[in-house]
Amino acid sequence: MTDFWLPHLAFALLAFLIFTRLTRNTTQRGVLLTGCLLLSLVPLQGISLALQLRTYIGDLSVASLVLLGWATLCRFGVPPAGARDRLASLALFAGLAVLLYPAALGLSYADPYQLGFAPRPMLLVLGLLCAVLIVQRSWLGALALVLATLAFALRLGASENYWDYLIDPYLALYSLGALLSAAVRWLLARPTRKLA
């Protein structure tokens, strides 16, 4: 049943974040979010708009939903994650993407996706990473890891693979792109030294 609601949640959050610039206050944002959730249920050619979107883009990972949920809460006045927290979260998901997707694209003989079906070693490593994030006070990445792991343990999604709860191609592209953008901004902001 929950794998039915996850696409509706993804649709509602994505639509809300796209159209939130049209609102002026939190009341209008609340109405918009409710409208987006109701819009996700509207049937078109026999299936809802959210499930139509799911047929084109697939399922988003639980980590993506956590980040979309956080972005939504920020539109309602919750303070955004700090730059360090955001950078640590982006680095975590970019690292997972670099580990998973080259092999998924056939660029390696290793198959890390297979580890997701019996993820005990992954759970240990990601548990340690989560502890490091908590010690560094990078709550957003830690929250995404904890909720993705909890969703996997409770089998809230349609997949039986832990990787599908942790990362998806959209989160991978966003994380890699945002890190690259931050690196370019950092390089451009550095003072240049004149060679004597």
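Each Cβ is built from the backbone N, Cα and C atoms, and glycine gets one as well.
Heads up, TrEMBL stuff is auto-annotated, nobody curated it.
Among the features that TrEMBL reports, transmembrane segment is placed at 6-23, 30-51, 57-78, 90-110, 116-135, 140-158, 170-188.
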The transmembrane segment (140-158) vs the transmembrane segment (57-78): 3 or more CB pairs under 8 Å: yes
Among 30-51, 90-110, 170-188, stretch most in contact with the transmembrane segment (57-78) (C-beta, under 8 angstroms): 170-188
